[in-house]
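Let me begin by presenting the structure, written as structure tokens, before commenting on it.
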Amino acid sequence: MATCRGMIVYKLYRALSYGLSPLVHLHLRWRKFRGLEHPLRWPERLGRASASRPPGPLLWVHAVSLGEGMAVIPVIKQCMQQRPDFNILMTTTTLSAFEVIKDKLPTGVLYQFAPIDTPMAMDAFIGYWKPDAIILVESELWPNLILSASENGIALALINARMSAKSLRRWSGSLLLPLVSLLLSRFSLIIPLSNAQAIRFQLLQAPPFVINFSGDLKYAVGECNVSTEEVSCINDLKLQLAHKKVWMASSIHSGEEEVILAVHEYLMQKHGDMVTIIVPRYPQHGREIFQKLRKERYGVALRSQHKLLQPGTNIYIVDTLGELGQLYSLTSIAVVGGSFFPGLAGHNLSEAAAAGCAVFTGLYVGHFSHMVLQMQRVNKVSIQQVSGDLELAEALDELFTDSTALKIRQQAAKEAYHALSSGIIANTWTLIDFHVFSGLSPSNQASVQSDMKIGFLWSHAQVMRSYLGRGTRRMELPRGHPARAHTPHKPGQGAGGR
């Protein structure tokens, strides 16, 4: 009955998205005019391929933007190593993701812009590329994509899956719940990035036996390629900054520069040999900050104009993309923005921790709250949240004054990062290989489905045991039984058992 209601809602969505297709196409042209779509490759968003499909099986990996795209690259590398017989097609939606990721992908990976979720665009894309499996990253639940893939017998996985509180409320409504339940039922594997996220997917009626844990892929972002030119440029900057006190504010949003500049003014009164590096979330914002500070006669330099520091520079603004991981190596202190005002939702903290920075962030971190809690559980001083400019200024002043305290915080952040990042890619691949790739062979299909059902019954028995008490005899499966891989595991555990 629920499936029937879900299909009715989907048919309404499909008809609506079909009817609105001309307006969506006009909107894409408007975005191209504004520089938000690629000037030449924007037709790819309509499902029109700009590359030839190679022969053989193909895996389609889709991530909406830069952060998700960078997070999935290590998984793509693992797939290429383990399944060299597969071609890999990656898609992203945003132009900023394209500009960075095209230079980060391993050789041989096909790269296209993702099609919009209209019936004609999605059917054209899937009909041309004919993927054997699709991996979606984080929160990409597009009805035409998912149901078209399912109807064509294409295996689906959702990795690093997350659902915001706002999205949960929207999907939980009486109209959309049958639809999202239908969509989630078509996945062979869902890997939530935390226990809290797993609960949200279960509230939306995701099948329990497809939910497994491997850890947050954003802990593994640091494993991406870095060009020799990038390394050389960063090393030159390191030499310039070697005898200065340096701190960096990264991923800041509009308005947060006022917080950062207030802290800069406070610290300059006590530490005249200091340099503040500001890395806005969007390059254009960086250029706007630069123009404002130059008019106010600050000692400011812009990275796109000056790769190295100029004499008298005490504020260095980065208006480029894709360098954040390397820029963290320039500083001992990192303040991760997108977190100082209500309505913001934080950014990835693990990159700064991986570089050995003492890490600070604001109070408004959204779904990154799980990362804050995880790292603080490993070491309580690995990350410090601050309420605003005064608390941040005093905390940074203390670290600039006390080198021992600074080293303790740096070590704590790196320790937490290593503890939480270990094994994530291997665990994720194990789950994908079992739940997705092993089901692609028709001869394996029946046994896989049988194992999934056994795995569900085993998981259900453990839940019932927790309700009935410790005296209940635990149901055990033989070690190495594949159904163990279908039971929900704690973060950091692999699919093969504890």
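Placement of Cβ uses the backbone N, Cα and C atoms for every residue, glycine included.
TrEMBL annotations: computationally assigned, not manually curated.
Note that the coordinates shown come from a computational prediction; the quantities given were computed from them, not determined experimentally.
Annotation for E68 (active site, proton acceptor): same-chain Cβ neighbours under 8 Å, separated by at least 6 residues, are T92, V137, E138, N160. Among the features that TrEMBL reports, active site, proton acceptor is placed at E68.
Under the heading domain '3-deoxy-D-manno-octulosonic-acid transferase N-terminal', TrEMBL lists 41-220.
The annotation region 'Disordered' is assigned in TrEMBL to 475-498.
Annotation comment: TrEMBL describes E138 (among others) as site 'Transition state stabilizer'. All chains included, 24 other C-beta atoms sit within 10 angstroms of the C-beta of E138 (site 'Transition state stabilizer').
Take the CB of K218 (site 'Transition state stabilizer') and look out to 10 A: across all protein chains shown you find 24 other CB atoms. Per TrEMBL, site 'Transition state stabilizer' is recorded for K218 (among others).
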Whole-number mean pLDDT, the domain '3-deoxy-D-manno-octulosonic-acid transferase N-terminal' (41-220), equals 95
